[in-house]
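Q: Pasting a structure here, questions to come.
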Amino acid sequence: MSSPRTTTRRYWVAFRAMLVFTAVLGLAYPLTITLIGQLVLPAQANGSLVTIETDTAGTETVGSALIGQSFTDAKGTPLPEWFQPRPSAAGDGYDAATSSGSNWGPENPDLIQAVIERTQAIEESDGVRAEQIPADALTASASGLDPHISPAYARLQVSRVAQERGIPEASVGALVESNMQGRVLGYLGDPTVNVLELNIALAGLKG
Amino acid sequence: MDVWLAILQVLTLVAILAALHRPLGDYMATIYTTTRDLQVEREFYRLIGVDARSDQSWQSYLHSVLASSAVGVFFVYAIQRAQTVLPYSLGFPAIPEGLSFNTAVSFVTNTNWQSYSPDVTMGYSVQIAGLAVQNFVSAAVGIAVAIALVRGFVLRRTGTIGNFWVDLTRGVLRLLLPLAIVAAVVLLTGGVIQNFNGFTDVTTLSGGTQSIPGGPTASQEAIKELGTNGGGFFNANSAHPFENPSAWTNLFEILLLLVIPFSLPRTFGTLVGDKKQGYAILATMATIFVVSLTAVTIFELNGAGTAPGLAGGAMEGKETRFGIAGSTLFASATTLTSTGAVNSMHDSYTALGGMMPMLNMMLGEVAPGGTGSGLYGMLILAVIAVFVAGLLVGRTPEYLGKKIGPREIKLASIYILITPTLVLTGTALSFAIPPVRADVEATSIWNPGLHGLSEVLYAFTSAANNNGSAFAGLTANTPWFNTALGVAMLLGRFLPIVFVLALAGSLAAQDKVPATAGTLPTNRPQFVGLLIGVTIIITALTYFPVLALGPLAEGLQ
C-alpha cells in the first residue's frame, strides 16, 4: 500500500490534470471548432436552415433541410395537399426538441396495431392496395425527425396531391423525379426524397 | 441489388481502414515509446507536478488510473449538480443526484450509457466541459492500459511498466485531439451543427411550429466516435440528422469509431518486434467482425417478425438515408467496439437481428473492441488460447517469449469471469428481488413479453462491457437502474484493468524464454483459428442460456 502522503499527492496530480484537460478539451477545443464552423461553414454549422420568399418580398425561415416536419392541421390530421413524411415518434410528431424512435419491438401489439392503422389510412387517402405501400411509410424512424421518404412513397402520393391541388399529375410527378436524391456516390445509403424541399417546390408550382 | 451495395459499402470501409491502420498504428507505436516530450507536454507535466522520466510499478500505474478516474467522476458529478449556475444551461434544472452519479460513472468508464434524454436534460456547458472531456480522457486511459500490457510482453526483468501520466497526456494531445479536430471539421462540412444558438422557433411550411435545436455538436460527435464513447448530443444519437446528416457522414462516423481499435494491433505488432503477431490479432478481430455483420444484415434484410412482416420491411427505428445496410453496419461497429452510439433503434430490430448487437458485446467487445480495451481484451484471450493449446497438444504455454504460468493464467481467468458475472447477476437481481421486479416491470420495461427481458439483459450487457447502447425503450432513470448499472459500469471497467495491469507487471518481471520446437507459433493462421474458437467458446457460450430466454425464444416463436 502506498503511504497517505503519496496518495494525497497522486490525487492532487489528478486534480490539476483534470483542470487543465477541462480547459483545453472542454473549452478551447469546442470553441475552436465553433469558430471554424461559424466563419467557414455558417450555413451547415447553424443547422442548414431553409428560407423561402414570402408574398411581401421578404424571406422567412420555414425549417431545416435536415429535420423533417409535420404537414398536419392543428389536430394532427395529415393535410392531403402536401406530401406526407414518415410516421414520427418524436413528441406529437416531428417535435425537433425531443428526438426519439418508438422503440417498439417487432412483436409489440402497439406497433402491430399502428402499422395496420397506418396501412388503412394510406389505402384510404391514396387509393392504393396494402402491398403497394413501402415500409418507410408505415414505420417511424429512429430519430422521429427523418427528413426523407423513399421514392416509392413519394410516387405513391403524387396522384392524391395533384388531385387536391387541382394541377396535372404529370407536373407533380416530374417534381418528385427532380427532387430525387440518389445514393451517395451511387452506392451508399438508400435513394431518398426530401419532403420539405419537395413541398417547397410544390408550393412554388402552384403559385 | 441491396446485398451487393451493402458489400460494396463494407469493402469501401475495409479499403480505408487497410490504408490507415499502418501509418496510424506505427504513429501510435512511436508516441508511446519515444523519450522526447513536446514543449507543451513538458509545461503540462510541470504544471501538474509529474516527473515524466520516472516509470511506475504496475501498482503505482493502477493507482494513478484510479485516481485520475475518481477525480473525473467528481468533476462530471459536480458540473451536473451545478448546471443552473453555468452558462448555456438552456433553462434546464440541476441533474438529480442518482442520475448525476450514473452519468458521471458512465462517461468516465468510456461507457456513455445515457439514462437521460440529452435534448431535455443537458445544457451546453455540461456537454462540453463535463461529458466531452471524459470522452477524450477515458479513451486515452484505455489505450494507456493496453500499451502498458504490451510493454509487459516487451520488457524483461523490470519492475516498471511505464508512466501513466505520460501515456495519458500523449494519448490525448498527440493522438485524440488532432484527429478529433480534423474529424469535427469533416463532419461540419457534412452538415453536423456547431453553434450556441439554443432553440430556433420557426413557422413550418404548412403553418405549424417547430423548435429546432442548436448546440456544439460536431466537436462532441467527433470524439464520441473516435474515442469509442458513444454518448449522443441528442436523444436519437447518431440517428439524429444534426449528428449524422447523410449516408457519407454515416460511413465516416463508422470509420472514426473503428480506426483506432483496428490500428492498435499494428501498434502491438510493431512494439513486440514481430508485425505478424499484430496481423494475427487483426485477422481474428476482422473475421469475427465480418461474420457478425453478415448475420445481422441478413436478419434485418429478411425482416422476420409480425410488425416487419406487415410493414413489408424492418424499417421501424431506421432512417431512410442510411437504409438497412447502413444501419446494420453501424450497429455492428458500435457494439463490436465499446462505442454504443446508435444510428437506428436496436430495440426495434427483428428478434434475431437485435440479438446480434447483444452477442457482440457479450464477446467482450474484442473485434476490434474499444480504444485500448479491445486490444487488452483480445490479448487476454490470446493468453488463454495459448494455455488451452498447451493443454491440448502438450506445448509449453508461452506467448511472445513470456511463460504463461499459474499466476498469469489466474489473472487472465479472473478477467474473463468479471463481465459475465456482472451481466448475469444484474439481470437476475432485476427479476429476483420482488420490489425491484415490480418496479422494473411497471416502470422500466417498455415492450411486453420476452422482449422486455431482452431490454434488461441488454442494459446490463451494455453497462458491464462499457458499451452504452441500449434497447432504448427501457426507462433506466430509476433508482434501481441508475445504481445497479452505475455499479456494473464501474466494476466492468476497473476490475478488468486491475487484472490487466497485474498481468503486465507479472510479465514485465520475467525474462524472455527463447522459442523452441515446443513453442506454439502465435503468428500463423492456425493460431487465428484457435483464438476465434476460444473467444466464442469461453465468452458467447456463457450467455447461451439467457439468450435462449430472450431474443432466441422471441425469434423462434
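Cβ coordinates come from backbone N, Cα and C, glycine included.
Quick caveat, the model's predicted, so the values are computed rather than measured.
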Q: Can you dig out which of the ranges B:61-79, B:346-364 TrEMBL describes as transmembrane segment?
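A: Of B:61-79, B:346-364, TrEMBL gives transmembrane segment for B:61-79.
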Q: For the transmembrane segment (B:279-299) and the transmembrane segment (B:527-548), does the number of C-beta pairs under 8 Å, pairs 6 or more apart in sequence, reach 3 or more?
A: yes
Q: Can you say which of B:86-108, B:171-193, B:375-393, B:484-507, B:527-548 has the most Cβ pairs under 8 Å with the transmembrane segment (B:128-150)?
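A: Stretch with the highest Cβ contact count: B:171-193.
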Q: Which of B:171-193, B:375-393, B:414-433, B:484-507, B:527-548 shares the most C-beta pairs under 8 angstroms with the transmembrane segment (B:86-108)?
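A: Result: B:484-507.
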Q: Sort out the residues at least 6 away from either end of the transmembrane segment (B:484-507), same chain, that have Cβ-Cβ distances under 8 Å to it, and list them.
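A: Hits for the transmembrane segment (B:484-507): 57-59, 61-62, 65-66, 69, 101-102, 105-106, 109-111, 113, 115, 145, 148-149, 151-153, 155, 159, 161, 373, 376-377, 380, 383, 402, 407-408, 411-412, 414-415, 418-419, 422-423, 426, 429-430, 459-460, 463-466, 476.
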